[in-house]
């Protein structure tokens, strides 16, 4: 099968269908004139008669015999026929060469050779397509899918089938394109050889040279041979030698020598263009014979007549059997849509050859009409006699008075006499217009429907142009193809090119009318019987003359002479009605003007003039254009019976024009009186018609009053003008004006007789506004002017203003109540049914509710859920309105969303674990668009704001260049824990705080004594104040001010102040500076304390007044002296039983607040601190302690290298080692004698003892200084004064380790570098007297600066009262924190809770 059409047939739009009433149906010409403005826009229309109009079928079914036409459906369509003609040419070309054409298949589809040939030609020809490799492009254009090597197959088929044919068409296969020389045989042979070789290489040979006939070439060759035979003995030629190739003049290769079956010429197969590979088996024609056969002109296409004569009954049986067999169902069950689609599919299918028969153009005069006629063979009943004279009887319609064809003298079968049509399924009538562009009317008596397609008259030239464009080959051979009724084209194709096409299905008992120059075609759905005839109305007259001129251009015969018909009507001017006389006059003027012009032109060229004889139409046709020469013609004596019209005088013959004769029927003097008679008859009507036309077409203020219309009607009645379109329009306008005038007057008078009824057939008391508006519009649309129109217009304007104002108010979302009240008062003045009134009353209630909603919405902060619920309950009772419904919907939606988000926000707040800030922010962002008061959402928004601030702080804390302080970090963590949002940095910060706490715990375990009340900062930082043990036992401590403090420079009086300042410092450098200041204060304080205690312990006369120890009692018994503060202590008060040696200097509990771990245990803490990347006051204190330790070690090393131990005077220790009789106390351990000790060494020793780190250098320095006094005492000052011996060299000990410390100011990190000495000297343990170990006691001012109470209230002010515990701890407490008044503190002992608990446990 061939490729199906890509688009299924789509039916065009339907044409108008009219169903006239009996009154309208009574006069066919009046009805056709009435519908003409509508129907002529589609070209065709359908008319359904009244149901009771059913004429009898008067044709004798058995008597009617006809020979139908044969129609092959695939030959009807123009484009399909072009393809078929092309295939016939190809088949004929190959058949004449002894080859049968077999159309190949490609992709299982029949190859369309016509499309392939056309595409190759459009691309430039075979050679260009091959050289540019365009075969794939051509395959795609033909609908084949790319990528399957279809292009190579197409090339092979083209080269095998079409290429030889195209060579033949171009003349390249003519075998003698050159003029040969007669002097040398080589001149004949070589070009022929070149032709043969070129043909074998498939190279096109130029043929635009003088052709030489084959026989002449043979003769030239024979002449050449005869000349050479003069030198050769003559031989009798054999019959075989006479058979030579006309191309190469060689008789060799007899097995490849072909003999033409047409002219008996012989050719080698390899000498042909293109060469043949084998000898054809059938008949073969040489190129010359082939050209003669193929170049014969095509016969005009037409339908063949069938070989069988059918009766109507036999044709019907055949038609029903065909349709039933084709669709395989009963004929009455086949849908018309299916038949339509199948018809157009068959028309476009080349390979499907479906043949049908059509009984068309059967003369009713010979076989009888389907309508009854007077004196006919069909006996009409009395009830059907009305159909004999009915205007819709097609035997009467064409010859009725309104039809101008009544003035044609001859009976024209098909035009004035009906034609009969007997159709079967698929039988068709092709695109055509009626002869002389006349009207046509077709009535389907019975049978299955007939499908029609039509184009309006204004699109006729467009349709012709499209068909010429799509099938130019057909119009080249038949210019008047569309007048032959043998060509059809798919309506979808025409519509695709912009031609308007309409369709209809004509059923039995229906008329189809075609209008002038309207192309129409169609087909029959099955067996049916139709009858058609032409007619022409007055409006056709200009088109009829235009059609004659068109026929002259096409050289087409005229069915009748238009000029003759006009002259016949002019000769009967008195009997013509004035309308027809007016049209005839206009046509006559155009005719006589052209005739006069042409005669004047011809008279100047010819000498003879003569009058016509009474010739028949076929005997007076122009031999050039086939038009009927009625008024005049030109003849020549050399050609009797031949004549031409005045337009083609040059085409008559070759004789001189002066010998021609001008023949005419009427002289101009005879024509002018005829024109004057028609003019005189038409002038009365023309003048009246002119006034009527001006009156009817008047606009605005130029309109006439009703009396003018009545006068024109009276004039037409008095002068008996015929009832035509103009008169009918005037009568109708006048009647409408009179009715409107009467109704308008009644409305103005208040007598509103209602002309309208409700559905319940109950009269309404008022007109509606639309009825009033329609009536006013009708008044102003009238062709006449009525005085009541402006008054009604003013009333309507006021009502419309009210309606517009009402609509504007009703359209407002929240109209004011005052506006609605004003409108309701204005409406009382209109006695018209106003639909706005109930709406305004309803809107008033709605407006009040909308105002309440709007007021609530304007304050979203106060719009609670309860308020929205209350408004919704109120709105439910209102009448439905878009604004109310919209507000209700918005309010309901707002309430739903508010409840949803309130519940969702509450759920988000309760969620554990909490959601991320992104989730909460997205929820808040969505909920923020709800204009309502949502407590949970607001709380959630506040939480998110806090979370964002927290994240911003966390980010800023991380982005800063310095290390964050622990208090800021702790505060950030605490605030983050209170925020109910999942904060990703919080976990990291919490982990960091845990590390900080772990570090603090580790540092506390390293430095702080067990059960010590001191904090880590207090232990690590230098002491702000040094306690005065000589102060009274119980005294008030007022504020934090020192009487000797400098008011201009702030002084650090307590460790809390130190910690606060450390937390306020921006970087580690500031912290180090603060601690350095504190260190200097500490050194100064201890220097003073040591001096005071040393002076206090000097021997005096009254030793009993001396108060020492933490008990503040007089010295008694064995005493211990602190190496740091130099105060004396009772051994029983401070003695630690675990201390059994004197390897270390003894320090009192106040001077020994910490464990003093070795430096090796401190450095890991410092490294762990650096890894924390958090600034702690304890960390700053630890860094300063390590730095201070390293600095001390460096100073100690420097002193050991550059300084000498000065010689001290020989002092005896009798002052502290006297007998019991002379003193009340003595010291158990040895102390360093300060007498003779340099300040630097003393300061070095003091600072070494103040370090909270245990260093071997401190012990070494202590032993050196301690043993120095013993040696001096033993040697009696024997050493020379100039002997240089350092303190450390006397012991044989060097500082074996130097720890270098550098602080990165930018990062606050501590780097420790340890440099070990090359030689490791073993430590020398020196025995010392036993001494008491340190005891946990808090007597210093540093301790008193902090209240150890568990619930310290941190009192502030200029004076703060303190009280000291009388128990074992001796700590100072705020009086207000422990509930002690000033009187109780003076008169009673106070024991803290801790001491009370300890005493209880010890007692147990």
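Cβ atoms are placed via backbone N, Cα and C, with glycine included.
Remember, it's a predicted structure, so these values are computed and weren't measured experimentally.
Looking up the ranges 1283-1315, 1316-1348 in TrEMBL, the one annotated as region 'Disordered' turns out to be 1316-1348. When Cβ distances are compared across the two stretches, the domain 'PHD-type' (242-292) makes contact with the domain 'ARID' (80-170), since 3 or more pairs at least 6 residues apart fall below 8 angstroms. Sequence-remote contacts of a segment are chain residues at least 6 beyond its ends whose Cβ falls under 8 Å from one of its Cβ atoms, and for the domain 'JmjN' (15-56) they are 371-372, 378, 380-381, 384, 387, 390-393, 397, 400, 402-403, 439, 452, 454-457, 459, 500, 502-504, 506, 509-516, 518-520, 537, 539, 723, 725, 728. Mean pLDDT of the predicted structure over the domain 'PHD-type' (242-292): 73.
Across the domain 'PHD-type' (242-292), DSSP helix (H, G, I), strand (E, B) and coil residues number 12 helix, 6 strand, 33 coil.
Residue counts of the domain 'JmjN' (15-56) by helix, strand and coil are 16 helix, 6 strand, 20 coil (DSSP-based).
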